[in-house]
Structure formats: C-alpha cells, structure tokens
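Q: One structure coming up, written as structure tokens, with questions to follow.
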C-alpha cells in the first residue's frame, strides 16, 4: 500500500486557478503537467475515500461494492495501455457509479443530485457533506484482541476498513492526509499487538494520530470554505504570505509558481478529486526538494528521507528559513513615483502580491490575517494618496500608520493573556461566554460553551509561549475558531452582525468580531422561571459538571438581559454564590433551594428590570 503525505499542503494555502492553463495571470508556468499520470495508484483506497466522503451514511459493504464496480469501469475505460490514474473526468465516473446503483440514491436522499449532470451534479453532492452527521457515531478503535486478530488475518482489508471509517466521519479531509494518518496507524498496530499492555499502548500511540486527524479535518474544511467564500484574490494573498514566510530567500517568480500549483491541488482536494489531489501532491513535494537550494536551507535533511511521508512531515515542521542578508527593514515608497490609481487591475494585483511577498518575508512571526490587514491598509493608503497633492509625502505619513494593525493585535494578545494570568482558564472562558452570548444569543448553550471552551483552551496554550509567538498563535487559532462559527452561520444564519463579520472581509473577520458587542436585532424571550430553578444537584456536582451548571445559569442570565453591565453581573454572581454556600451547608438542601431560589430570582429580575 502506497502512503503519501499531504500535510505539507495544509501549510501552503493558495488561490484557485485552472490547471489546464498551466500559467497564472502573470504568465508564470506551472510545474504540474496534466499529460503525466501516475501508474502507482492504490485505487481501492482512493475510491473508498471518495465514496465514503460523498455517501457518508453508506455501509462498508455498500462502499466496497461501489469500489469494485467503479474499478471495473475504469479498467475498461483506460485499457491496458494506460494506468488507471490517467482516467479523465474521474469525478464524473465516480459520481455516475453512485447514481446508477439501484438502491443508493433513493436510500440516502441522493435522487435530486443524481437527476442533475456535470458540475451541477458535482456541486449538489459537495453541498450534502456534513462535518459531524448525527447518524454516524464517533469512531471507536476496536479493542486490541479483535483488532490484532483482524489485522493479522487480512491487513489490507483491515486498513481499508479503517480508511472508510475515517473518511465518512471527516468528509472534508484531503485524501492524501487520510492515507498519511492511516500509514501512521498501520505502523503502531504490530508493536502494540505484541505489547504487554496492548490497551495502554494503543491509547498512548493513537492519541497523536487522533489529535492530528481532528486538527487536519478542521483545517481542511476551513481552507475549502475560505476558498469558496472569498475567492481567488484572497486565497492568493494567503498563499503568498505563507510561502514567503517559509521561503524568504525565494524570488517572487518562484513563489508565484508554487502558488499556482498548490492552488490547483487544494482546488482538486476540496472538490473531492482524490486521484488528481494525490498525484499532484507528490509532484509539488518532490519539486520543493528539487529546488531546495533556492527555496530553503532548512529542508536539506528532510529531502534525504526515504519516503514521501517522512519527507513531507519533516518539511512541515522545519523552521522558516533565515531572512536573506541585506533585506531592508521597511518598504517605504514601495511603488516609487508610480500612481497606483493609474495602474490596470492586473498591475494593481501584481503590485499588491509583490508587496505582500516583501512584507511577509520580513515578518516571519506575524500571523497571516495580520499581514493581510496591513496589505489591505496599504492598498487603501495608495488609493487615497494617489488623489492627494503630494502623493509621496502622503505615503510616508501613512506607512507609519500601518503599524496600528500589528499594535491592535498585540494589544489584544496582551489583554487576553493578562486575563488568563489573573483568572485562569475557567474564568477566562466565562468572560468569553458573556461576550459571545451578547454577540450571538441565538446560539444554544452547548454551542456557546463549546465555542468559548476552544477560545479559552487556545488562550491558555498561546499565553504559555514567549511573547513574540503569542500574537501569531492567538490570531491563527482565532481564525480557525471564527471560521467554524461562520460555517455554522452559513448552515443556519445566526444574526446580521455575525453575517456581516463572516462575509465582508477575510482579513478583518477577527477584528470585526472583537468590535461586535451586541446583536441589536435580538429580542429576549419572555422570562421563564423554569430556566432558573435550582436543586441540590448543584451541591453534589463537582469539577466540569459543576462548572457546566454554573455556565448554563450565566448563559440564561445574559440571554435574558444582553445589556447587563459588568457590575450587575458581578452582583448577581455574588448572590448566586451566596445561595450555593447557604443551601449546600445545610441539611435540607432541596428545601433551602425551593425557598431561597425564587427569592434570588425575584431580586435579580428587579435589579435588571426583566
């Protein structure tokens, strides 16, 4: 079984271009050649991934049958002269296999998609993908005795079944990434099956795979959503930023060449074209190593590794290369005497791409969204100064103001870490909980708790880093968390404020949410006593269970009075804590809550005017 890594591609975000053109808008040639195809393709695994991701509810038996059927079709189509990996219109062939099955379309609600053709059919299937379908339970690794026996009896079948289980639960996860994770799992099984404590061995060694699986799945979905929602120009800027930070010695033309090809790979991976996604991933990783002398001095040891899997992982974790000597510290008067407003659209895009490249290679520790905000601010500055009496003087003054984007992000990181140091992770989450219940009161309590728990956990992790790394850590994590919130809004609209922040500007999404205070359109529901009834289980609960109960009370309180002030909130919390202390110390806890609880709520309603 051939395993190929693609995590390297996760780092190299990109913009969408058609591969058949083999050059981007600036005439830069592609390193990918669509006339080439790989004979070394494990089509069983790739077809399994495709069908499991596009028909998530299908059983393994059903997926296995579709795999067998489509391989027969492919062999007939390509003949003996060409490898199966050369099949054209691969996605169409795979989708046709789903639709021509007698029971599959009707059983799984696919008839509407199957009634369409071409791109419409493909887009219909893509829109059906669900990140966490309720009908599919979380994956549980079988207990060691069963796993080890099944693995020993038929390793290929065991691993294909594992790939099926992962793919159907993570429909946005790139095919090469699934194969990479399966390769890691394949390696831990033999030693763990021989271990004295097999259960502990599997739990310990599978933990890192599970973590990488979860993070990669979220990241792949995030990238595909950004590509779809914000388009080519934004994705190009993201890619140029990341590549320029990773390879600061590479010239602009080389960066643009990589942008084009990594872009195509992401496009194919996001659209579920598993064969081309995998083939092109190999080529880009190989190309990076072939150009290591001009790209980076940090990947030499990586490129000596024997397998693509090891090579790719090594490059991912390699440090950003050192900045070239003689690089000027700033980009004053970057355009020189040229009038920005007189440039064509193509020239403007090229100028901004080059500015982003130059700025990124000078600031390897800044988060991508921060650099994009600087670039956006710089373009606005150029447009404004082109209309002034003294454009160059205007630029000189304005370029100093670009630091405000970095300073705003630094101030937020400092403020958040200050809160963490003062309050700890739980109370930091409560602060986020109050803020985001006001911003998005339409979210359910479990959604609000899950969202803010991620924020608090991220804050704790980032704040333990050195000060120069806190900013990139926090901004990067916030981008992903907000991205998940925006996916939720796309599926089920939350409110106009959230919608505005999610769709207006990728670079400014986080600042937009930071400045969003209240949903002015929200009307609190009529007061319900049922949401504020206290029982003795508050005294019996401990740890996470008790914290969850308290947070539920906090959410209900803020939803009832979104305009609640910090002073009012502190007073209510103090009264609530007093109630717990009084009733939990007594013998008749339930009686105490029944008597004192309503009194507390009456006092709270009077003070808040609800």
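In case you wondered, yes, glycine gets a Cβ from its N, Cα and C as well.
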Q: According to Swiss-Prot, one residue among 14, 251 carries the annotation N-linked glycosylation site; which one is it?
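A: Of 14, 251, Swiss-Prot lists 251 as: N-linked glycosylation site.
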Q: Residue 314 (disulfide bond) has how many other Cβ neighbours within 10 Å of its own Cβ?
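A: A 10 Å sphere around the Cβ of residue 314 (disulfide bond) contains 18 other Cβ atoms.
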Q: Over all shown protein chains, what is the count of other CB atoms within 10 A of the CB belonging to residue 270 (disulfide bond)?
A: 21
Q: Neighbour count first, Cβ atoms within 10 Å, every protein chain included; then name which of 114, 192, 277, 303, 502 tops the list of disulfide-bonded residues.
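A: Its Cβ has the most other Cβ atoms within 10 Å: 277.
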Q: State which of the following recorded positions has the fewest other Cβ atoms within 10 Å around its Cβ: 111, 115, 117, 251, 345.
A: 345
Q: Can you check what DSSP calls residue 114 (disulfide bond), collapsed to helix, strand or coil?
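A: SS state of residue 114 (disulfide bond) = helix.
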Q: Measuring Cα to Cα, how many Å separate residue 473 (disulfide bond) from residue 303 (disulfide bond)?
A: 28
